[in-house]
Amino acid sequence: VNATDEDEGADGNITFSLLPSVGSDLFSIDPSTGEISLNCSNCLDPRRGTYDLIIQAKDGGSPSFTDTMAVPVKIKQTIFAPPKFTHEVYHVSVRENQTAQFVLQLLASDDDTPRSELNFFLVQVNPKTARNLFVIFPNGSVYVNGSIDAEMFNYFELDVSVSDRHGSDSAHVIVNITDVNEFAPVLNITGQGFVQLPENIGIAEFVAAVDAKDDDVSNDGFSFFLSAGADGKFVIDANTGTITVSGSLDRKRQSEYNITVNVFDHGVPPRLGSGNLVVQVKDSNRAPYFTNGSATVSDYHFYVLENLTVGELPNGSSSYFSLDKDSGNLTLSKPLDYEKRNEFSLKAVVSDNSLTILYIYSHDIMPLGAKTATASDCLSFWT
């Protein structure tokens with residue numbers, strides 16, 4: 001309020017005061033400026049409509065003079081709005097196996113209430129058995145209150161609320177659990193890691209099937225490789241885990257292979273698993289065959305001098321010839337006479353332990369004075 005006084009000097013100094021009236025104790029006035037202010041917060045009763053204040057202005061003269069006036073203060077009712085979350089739905093991710101982990105900071109706006117006076121609450125957690133896994137502080141900070149296993153839960157849903165003295169608001173929080181690659185893959189190998197193969201198995205033929213399992217929920221595949229023992233005879237498909245033959249097998253040279261099979265998952269960081277595959281090479285019964293030098297033959301044609309000494313090479317199984325069953329040496333059993341007989345047809349038999357049999361025929365007698373038989377004309381064989 002303002003007031004004037006035509007006196008000069010101290011007589012013209014004006015002092016303001018608030019005279020007692022209904023509700024006047026809720027207000028105050030500055031003695032020098034006449035500025036009226038409220039003594040309290042949220043203390044006015046909007047049902048009164050108006051507070052009639054009586055203001056007195058007093059000069060500094062002696063005797064002093066005063067003047068009064070009524071100042072009506074009209075009360076305008078304020079509509080208080082409840083707080084409002086900044087999002088209706090919050091999405092957040094946290095890692096498994098970490099305790100006391102910060103999840104998120106909830107935020108809400110309220111034009112008529114300071115943030116410090118807002119209160120946040122955790123209403124519900126789904127699934128309900130996980131209610132104690134989360135805690136929310138009054139300031140809106142949400143934390144994990146324990147260790148979460150992604151293999152048991154891959155997400156949670158939280159219902160939260162915020163309130164002031166005038167109302168409340170609610171929001172939904174979806175917490176996705178990020179899997180940590182904590183489990184090494186475990187191999188499963190055909191025949192529990194033991195197979196038998198015939199030594200005459202072909203290249204690229206199937207040997208064994210390998211697969212793997214991993215308890216980590218986020219794992220999206222495996223890769224396979226062989227690290228030892230394959231010796232260039234076996235390969236594995238990195239994607240399918242199928243092991244096949246990549247080189248010829250010979251039981252006489254190596255009858256068993258102890259192969260290390262490995263697998264790694266595609267997690268971050270990847271984890272490695274390994275196992276063993278024992279491959280036994282079984283003997284394959286190959287039929288024996290006759291050779292002449294390095295060539296395989298079914299007939300021998302050679303000449304024998306009629307004066308060949310008894311017991312010398314070659315040999316057979318007639319009255320004139322005998323065949324050594326172990327060495328295969330053909331020797332003469334009795335003297336030959338070209339004029340009486342100049343050709344023989346001999347049947348030779350070779351077999352292995354499974355009685356596979358081949359036949360060979362040899363003939364012709366050379367007269368005395370003919371050329372001498374060479375070493376290549378002699379009979380040899382293997383099984």
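Note: Cβ is positioned from N, Cα and C throughout, glycine not excepted.
The domain 'Cadherin' annotation in TrEMBL covers 1-85, 86-187, 195-290, 303-354.
Residue counts for the domain 'Cadherin' (86-187) under DSSP, split into helix (H, G, I), strand (E, B) and coil, are 9 helix, 52 strand, 41 coil. Per-class residue totals from DSSP over the domain 'Cadherin' (195-290), listed helix then strand then coil: 0 helix, 49 strand, 47 coil. Break the domain 'Cadherin' (1-85) down by DSSP state and the numbers are 7 helix, 33 strand, 45 coil.
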